[in-house]
Structures are given as C-alpha cells and as structure tokens.
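Reading through the structure tokens given below for one structure.
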C-alpha cells in the first residue's frame with residue numbers, strides 16, 4: 001500500500017514491521033506486564049485514595065463462548081447457594097413477602113424487613129414458604145364442620161385454593177375429601193358445610209413416594225392437588241400442580257433441595273426482644289436470619305450470633321454491616337455464616353455525611369471479602385448499586401452477592417406507595433431506614449407511644465433511647481421500574497454479558513482471575529467518565545431493556 005509521506009519513511013517503517021503471525025508470541029516474550037492494573041495496585045489508597053465503583057473500569061478479556069454459557073451460581077452463606085447473585089434489602093419500602101417471593105423465584109433472595117410487629121413479619125415468612133412447595137408438610141386442612149365461607153376466607157388470606165378435608169380437621173387424620181377453588185367459586189350459601197361441595201373422587205399417592213414419582217402421578221391425574229396418605233388413609237402431606245407450572249416458568253428459583261420450598265431470609269435487630277421475634281420467624285419456616293445494623297462490630301451482635309447458632313443451629317446467620325477487616329474478624333470468630341458489607345453508600349443513606357464514618361464501597365468490599373474468603377465466609381456488597389456495571393464491579397471486588405435497595409424500590413413488588421410526581425411521572429415512595437420517617441414509624445410497636453424501642457430504624461442505628469433522633473437517611477421517591485419479573489432478568493443478562501466481555505464463564509472464574517492478576521482494571525479520570533457516558537447528542541432515549 002502506498003505511503004503518503006514518501007518512500008524513505010515507508011522503507012523505515014517497513015524495516016520495523018514484524019511478522020504478524022508472531023504477534024501473540026512477541027506479546028508473551030517482550031511484555032512482562034499486562035495492560036492495566038491488578039486489583040491491589042488499583043486499590044492502593046496511598047496512591048489513589050479510597051475508590052468506589054465509578055472510579056474504575058474492568059478491562060476486557062477474550063470471548064470464546066456465548067453469554068448464555070455464563071453461570072452465576074454463588075453462595076450467600078456457608079450452607080446456602082443461589083443461582084443469581086442478587087438480593088433485595090430489608091427495608092420497609094423494598095422487601096415484604098411479595099418481593100421476597102419473586103426474588104426467590106428469579107434465583108435471588110429477598111430479605112424481609114423488620115419494621116413491623118413480630119407477628120406480621122412471621123406471617124410474611126409463612127407466605128413465602130407456602131408459595132411454592134414440593135411436598136407441603138403443613139397444608140391448610142379443613143374439618144367437615146368448616147363452612148364454605150371459612151374456605152373462601154382462607155383462599156383470600158393465603159392466595160390459593162384446594163384444601164384437604166379430614167375427619168378431625170388436622171394433618172394425620174383420615175382424608176375424606178378436597179375443597180377446590182372451583183367448588184367454592186359460585187356457591188352462594190356461605191353457611192353450608194364444606195362436605196356439601198367437596199370432591200370425594202380423589203387421586204392419592206402413598207407415603208414414601210418420591211417427589212419425582214408424585215409429580216408424575218399429579219401430571220397424569222389432571223388434578224390440582226395430590227394428597228399423600230399413609231396405609232390407613234391419613235393425610236401426611238400434599239403436592240400442588242401450580243408448583244409444577246412455577247418450576248417451568250422459574251427454573252432458577254432459590255429452593256431448598258429437600259422440601260423444594262422457596263428459601264426465605266428475614267432481618268432482625270440485636271435487642272433482647274429480637275430473640276422472641278426470631279423464634280416466631282423460625283416457627284414460620286425461616287432459613288436465613290440477617291442481623292440488621294449499620295455498624296455490626298458490637299458486643300450486641302457478637303452475643304446475638306452466638307445465641308442464634310446455639311439455639312437454632314439449622315438457621316444461617318448473616319452479620320454486619322462492616323467495612324473493615326477488623327470489624328469482620330470479630331463477627332467471623334463469633335460464627336457468622338455470611339457478611340454484609342457497606343456503610344453509608346446507599347442511595348438513601350447519609351451516614352458518611354452526618355457521622356463522618358464509613359468507607360467507599362469498592363475498597364470496603366475488597367478489603368473485607370478477601371479476608372472473609374480465608375474462612376469460607378461469603379460476603380454481600382450492600383449499597384451503592386445504581387446499574388449493571390456496579391453489580392459486576394461489586395462482584396469483581398470479591399463479593400459473592402450484591403444487595404439492592406433503591407434499584408428495586410420502584411418495582412411493582414416493593415411495598416412502597418405509588419403516586420404521581422409534580423412532573424407528572426409515576427413514582428414510588430422510598431426511604432432509608434435511618435430517615436426520620438422510618439425511625440418514627442409505629443408499626444413495629446403496634447402503634448404504642450414507646451414504639452421507638454421496637455422500631456427497626458432506631459435499632460439499626462442504635463437510637464432506641466435517644467431523645468433527639470439524628471437522621472442517617474432520607475425519604476424520597478424513585479421512578480417506576482415495572483415488575484421485577486422483567487427487571488431482574490435484565491440485570492442477570494447484563495451481568496452475563498459483562499462477564500463474557502471480561503472473558504470469564506462464572507463468578508468463581510472472575511474471583512480467581514482478579515486474585516491472580518489476570519483480570520485487570522483501569523482508573524478513570526473525570527474526562528474518562530464523561531467519555532464513557534452518553535455525550536454529543538442533541539437528545540436521546542435511554543431505554544435499558546426490552
């Protein structure tokens with residue numbers, strides 16, 4: 001090809017050009033370091049200051065596989081793993097039973113907040129555990145004397161129909177019939193006994209039948225429910241057709257391997273009264289308890305971890321929040337099964353501003369997660385997540401999962417209230433648990449004057465006995481995001497494509513690549529951040545997914 005600047009320059013350039021087929025060989029021989037920075041150099045606070053997610057990028061690697069091959073399986077505690085590394089925060093405008101159910105169905109986990117009475121929180125746990133089951137070991141059972149009105153009330157309460165009727169109205173009593181949604185739907189006399197409408201032509205399976213065998217019987221029977229009975233015809237458990245359909249629609253669902261129930265997590269404080277709360281939650285079927293505190297390195301939390309592990313050894317404990325190795329070490333030594341990392345980085349949190357205490361999230365996650373990994377303790381990057389990129393960066397820093405509050409607060413499944421903003425946009429209420437609005441909420445204390453002593457916000461920020469409440473959070477609103485059934489799959493697909501760009505097929509590969517210096521990073525200047533965002537357009541529509 002002709003050289004524009006003359007033959008002499010062209011000859012000189014030609015003499016320096018090497019055999020292109022040896023590019024990889026020359027790269028390996030002559031370049032002793034990789035492009036970019038390893039994670040330790042990146043996070044050297046002496047050189048760069050403390051960094052958070054927007055301060056750096058991950059460099060691309062080699063793509064040799066489709067994004068669909070990327071798996072996101074990850075532990076959330078020592079004993080519990082998820083298919084998707086996403087959690088919803090235990091905030092009263094983010095996670096109640098509806099969010100917890102859908103996060104679990106989508107492969108993640110929702111942590112139910114505790115800014116409510118213990119009984120209400122236990123009821124939410126119960127709803128999660130009943131939503132999708134394998135063998136239902138504690139089905140709602142009716143007696144022959146129960147009325148049609150009572151059956152309808154139970155359907156309205158639990159959100160499902162199909163109740164077995166036994167002689168004594170209890171489990172392990174002789175099965176006499178089934179009341180289905182169709183039986184009660186158009187029956188007008190609510191005082192009639194259920195025996196007047198129940199179905200007696202039942203298909204059953206014997207006790208000892210495996211779940212796979214029972215599912216086969218249920219498929220072929222075309223019934224909605226399959227009662228499991230012992231040799232004497234006594235009801236011992238139940239299987240639901242609706243769960244078969246959920247299995248088809250939600251293949252990544254977070255379920256226990258034995259019961260096939262959705263995994264449920266809930267938060268509590270570290271006060272003495274929280275022990276009673278936890279007992280109710282465990283009775284309702286709780287799997288994981290999250291000890292909720294803005295500063296987890298306290299004698300209260302250490303003693304609570306030890307008490308929970310001794311009293312309920314089957315329950316996994318996630319402790320926190322922490323941002324330093326020193327904080328983490330005390331909780332790990334006490335027996336924590338997982339750690340929550342973050343202090344002041346949440347979108348509705350002002351702890352760093354008001355208290356001058358906290359740590360930028362990227363360096364906090366790396367410092368704690370790399371230490372906790374030595375003891376097999378998974379870590380949650382909690383706070384500061386605004387987009388898919390932040391999720392990936394939190395995972396790259398060593399977190400096993402990422403917890404989101406504001407990012408999910410605008411979804412249909414969050415308990416916040418919808419309203420129209422002054423600009424005419426549909427928004428949802430969202431507040432930090434350190435906001436005055438959250439700390440003055442009286443639901444946890446059943447409306448009593450001393451409800452501050454039971455409030456989740458005051459407990460989280462050690463403010464139960466304060467005469468003057470000092471806010472560490474704000475109350476506001478977030479734009480409507482639609483349902484998590486569309487938004488979370490978008491986040492998952494985004495993480496898969498990001499890991500594909502990095503050149504890793506799993507979170508284990510990502511962590512291993514970061515630790516070995518294979519996955520590299522680059523600092524970002526203010527100009528680089530501007531360049532990496534939308535620029536130079538007169539107008540644009542930023543639609544994130546379809």
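Note that Cβ sites are derived from N, Cα and C of the backbone, with glycine treated the same way.
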According to Swiss-Prot, which candidate in 327, 472 joins 347, 382, 383, 384, 405, 406, 430, 431, 432, 433, 434 at the IMP site: 472
In the chain carrying residue 344 (NAD(+) binding site), residues 6 or more apart in sequence that have Cβ under 8 angstroms from it: 350, 351, 352, 353, 355, 357, 358, 359, 383
Surrounding CB atoms that lie within 10 Å of the CB of residue 294 (NAD(+) binding site), all protein chains: 25
Alpha-carbon spacing, residue 532 (K(+) binding site) to residue 405 (IMP binding site), which is rounded to whole Å: 25
Cβ neighbours of residue 531 (K(+) binding site) where a neighbour is any other Cβ within 10 Å: 11
Neighbouring binding-site residues, C-alpha within 10 angstroms of residue 405 (IMP binding site) - of 293, 342, 343, 346, 531: 346
For residue 292 (NAD(+) binding site), the one of 346, 347, 434 that lies nearest, given that the binding-site residues are compared by Cα: 434
Model confidence over the domain 'CBS 2' (198-254), averaged pLDDT: 83
